[in-house]
Amino acid sequence: MNSSKSPGLAGFGVLKNTTCHTEKKISVFFSIIFMTVGILSNSLAIAILMKAYQRFRQKSKASFLLLASGLVVTDLFGHLINGAIAVFVYASDKDWIRFNQSNILCSVFGICMVFFGLCPLFLGSVMAVERCIGVTKPIFHSTKMTSKHVKMMLTMVCLFAVLIALLPILRFRAYQIQASRTWCFYKTEHVEDWEDRFYLLLFSCLGLLALAISFLCNAVTGITLLRVKFKSQQRQGRSHHFEMIIQLLAIMCVSCICWSPFLVTMARIGIKESHSKETCETILFALRMATWNQILDPWVYILLRKAVLKNLYKITRGCCGVHIINLNMWELSSIKNSLKVAAISESPVSSKQINLQPLSSTGQ
């Protein structure tokens, strides 16, 4: 137990003086609920994506559907693998010494936690970049952003996340069993070695960078859509403008609220030179917050569509009795029409035609 230098017992040092006490029934309940809701929501999102891909095979939608599919599939496997290991640990009464003599299960658990934590954040930032390019540079997006390029980006993102997850193993640094004895991650207690601190800072910095890129690209996309809406009075792009703006706001809020506590907590542990004052309960709560992001991802990216927003509008109008938006704005909604409006608004020839339309109508 005290020979932490041994590879087989590298993760058991935290079990001797654990300071985190969690009730087994409550923890098992949370794990089962998180896993079940995550699997159901992501499975439903995959079914909707497959149906949408069969119905809409436009080139402008292909990149979004592929990226969204990669995100949802990653979240689904994350809930399946991590959830199954967590339930097994709880069912075994968290007796790691009995079923983890060679530290293989803890290493697999730690690799999965890092990979399925970073990969959705990376994919979310790539989706934000793709949407930003599609709105600001529609011609470049339609000609250069092909399905082949999107598949290459998905492969590169997954490989990069795998490399980050395998980095401690390649450096012969074992993942550690955390104080709650329910999950494995980088060393978070008595972090004194620079390499342990580096892994924590690398994970948190990459996650925060992905959130920052998503926030910046979504902000640029939202501003561009609003500019196009106010410049062009045409009716064909308004529905998609409202749909995209609401989705972008939801994406930014959910990602920042769910992931910021865990990433900031890991960064604080990595920065502090002395023993961190972060309690086990705080880390566990932040981890559960991050788990909710993978549950809400399919609802934000896939299920928050025009039909749902239209029904919410009808319910809100029926309850409040206030006329906010004309429902005729919801008639034509497609990414292709939105890209056409963006391209027309940036074209000098089209702007002249738009300015001449009132003159021709008055002449008639």
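Using N, Cα and C of the backbone, Cβ positions are placed for all residues, glycine too.
The domain 'G-protein coupled receptors family 1 profile' annotation in TrEMBL covers 41-301.
The transmembrane segment annotation in TrEMBL covers 26-50 (among others). Within the chain, the transmembrane segment (26-50) has long-range Cβ neighbours (under 8 A, six or more residues past its boundaries) at 65, 68-69, 72-73, 75-76, 78-80, 83-84, 86-87, 90-91, 180, 182, 288, 291-292, 294-295, 297-299, 301-303.
Among the features that TrEMBL reports, transmembrane segment is placed at 62-90 (among others). Distant neighbours of the transmembrane segment (62-90): 24, 27-28, 31-32, 34-35, 38-39, 42-43, 45-46, 49, 52-53, 56, 96, 105, 108-109, 112-113, 116, 119-120, 123-124, 126-127, 130-131, 134, 141, 145-147, 149-151, 153-154, 157-158, 181-183, 294-295, 297-298, 301-302, 335; these residues of the same chain sit at least 6 beyond its ends, with a Cβ under 8 Å from one of its Cβ atoms.
Annotation comment: TrEMBL describes 102-129 (among others) as transmembrane segment.
Among the features that TrEMBL reports, transmembrane segment is placed at 150-170 (among others).
Among the features that TrEMBL reports, transmembrane segment is placed at 198-226 (among others).
Taken from TrEMBL, the feature transmembrane segment covers 246-271 (among others). Remote same-chain residues near the transmembrane segment (246-271) are listed as 121, 124, 128, 131, 186, 188, 191, 197-201, 203-205, 207-208, 211, 214-215, 218-219, 221-222, 278, 282-283, 285-287, 289-290, 292-293, 296-297, 300-301, 304, 309 (criterion: CB distance under 8 Å, separation of at least six residues from the stretch ends).
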